[in-house]
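Among the features that TrEMBL reports, transmembrane segment is placed at B:6-25, B:37-57, B:77-96, B:108-141, B:175-192, B:199-217, B:223-250, B:262-281, B:287-308.
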Amino acid sequence: MIELQNVSVALSGVPILSDINLELSGGGITALIGPNGAGKSTLVSAIARLVPTSAGRITVDGLDVAQTPTRTLARRLAIMPQDNVVAGRLKVAELVQFGRFPHHQGRPAAEDHAAVEEALTIFDLLDIKEKFIDTLSGGQRQRARAAMCFAQGTDYILLDEPLNSLDIFYARELMRTLRHVADTKQRSIIIVLHDLNHAAVHADRIIAMRDGSIIADSTPEKVLCTSVLQSVFGFEIDVETIAGKPISLHFL
Amino acid sequence: MLDRKMILTAITAIGVIVLFMTVNIRGNWQFAMELRSMRLLALLQVAIAVSLSTLVFQTITSNRILTPSLMGMDALYILLQTTLVFALGGLGYATLDPIVKFSTETIVMAGLACLLFLPLLRFTNALVLMLLGGVVLGVMFRSLSSFLSRLIDPNDFAVVQGVSYADFNTVNADLIFPCLILIVFAALFCWRARHILDVILLGKPTAIGLGVNWRIYSVALLVLVGILVAVSTALVGPVTLLGLLVVALGRELAKTSKHSHTMIYSCLVSIILLVGGQTILSHLFANALPLGVLIEFVGGITFIFILFRWRQ
């Protein structure tokens, strides 16, 4: 279980998150939604110890994130940061192998190779595993990075806007793969999303944020309704139930 | 890991070393051997120090065109020298115990490297900002040195000049063995950290996510770079573009970004260039052309070449 108690984060004096209390547990996909600057990425980064908290406590399975050795945490949670360019010449399989680094510290054993193979299979990368990352399309690269997080073998996988600059095909593929991972591998996935409808279709729980606070935290049906979305995004969004899912018509 | 290409490169490096030691020996063999082996030892150390410091620096900053020298680190070392001459006078400077002087300078260099470059590491995503920051720092160090050297008398200035230019013929013999110890430790540290360096190359957030203790490693690696720059600058003087050149060539040969490969290739290329270049220049061209100048020339072209490729 990931637990946040009264967490505040300020980056160079500017408060980004204020007094967040949150519990994340029990598998499934949790989507973080909200306008730009709401603090979604900061929240994910704080849980993954990428930014320090200015107040409060974050624990992962009871381990205080600020105190626990970073290597121990790397076996509990994996983070895919917002699109960072992979420097250097790496093949897809090599990148995914890095996900095993917390376990083997540079000397992969048989189980590490097996985990990489599994990740490559699940994320449909077997055909391109010998390709260099810098020759891939954006969609393939995001898939490879997500596969690396999966290969890390952690209970929690945090993804910061993985759908950034993906076309509808790759975005759908990636979300379906993540759903598959959450269902069959018992991983808890916490994902920052901009597309409300991806959240509606694939998430079990949606946390809506605005101005560094949590506005709503519930099932997609409860969060994705006109009144809540009005208070989150500041304009009226019609929501229709299509195929049993609350689809936001924010284009209209 | 030991493929044919690496063995060939290693053989070339050894061949170049043998040539350096044996070509054109006249008169007393023992004397020549002693003289040449000291020079060789110095050249090898510089080769390794320059390539490792550049490689490690490029890894922590996640880019391929910055080098410690381009960021003004050797200018910082020269500034230290100038300040010492300014404070103690040429005579006082010359009578300092070289080992005490060098070890103090190395510690100061390591400290300053952290102090000045840790804040810059925050801008690793903004390459232009990093580059600008480094250039500004470099210009500042050089201007301060030249300001100080204007204040000292001409005799002292001659001492400053002696340390401010790369000279591969007259190496600082007192420092060869103290530097050797530092180089051996630094190289061992780099080699042991090769897997962690691979992870660090993925960028700070990913590296932390994979369990690398960024705070400790960024400081340790910058200290290491500071020490290595101090070693090479103390032995022969500042060689600004050598690092860029050898690491770029090393990467080209390695065809991978694994540090186990890039490290070995960069060091070997560096040895071939320095030792081979010195052999050719001193025997074929009778020292008419200084190696430092030639390296800067080729290095400058490489820099422009990499910049163009990077823009695409």
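Here the Cβ of each residue, glycine as well, is placed from N, Cα and C on the backbone.
In TrEMBL, annotation is done automatically, which means it is predicted and not curated.
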Other than its close neighbours in sequence, what residues sit by the transmembrane segment (B:287-308), given a CB gap under 8 Å and a spacing of at least six beyond its ends?
64-65, 165-169, 236-237, 239-242, 244-245, 248-249, 273-274, 277-278, 281
Contact call for the transmembrane segment (B:77-96) against the transmembrane segment (B:37-57), three or more Cβ pairs under 8 Å:
no
Looking at B:6-25, B:37-57, B:108-141, B:175-192, which one has the highest count of Cβ pairs under 8 angstroms to the transmembrane segment (B:199-217)?
B:108-141
Outside the transmembrane segment (B:223-250), six or more residues from its ends: residues with CB under 8 Å to it:
42-43, 45-47, 49-58, 64-65, 67-70, 73-75, 77-78, 102, 105-106, 109-114, 163-168, 171-172, 175-176, 179, 182-183, 186, 189-190, 262-263, 265-270, 273-274, 292, 295-296, 298-300, 302-303, 306
Output the single range from B:6-25, B:108-141, B:262-281 maximising the number of Cβ pairs under 8 Å to the transmembrane segment (B:37-57).
B:262-281
Which bits of the chain, at least 6 residues beyond where the transmembrane segment (B:262-281) starts or stops, bring a Cβ under 8 A of a Cβ in it?
6, 9-10, 12-13, 16-17, 19-20, 23, 39-40, 43-44, 46-48, 50-52, 54-55, 168, 190-191, 194, 242, 245-247, 249-251, 253-254, 256, 287-291, 294-295
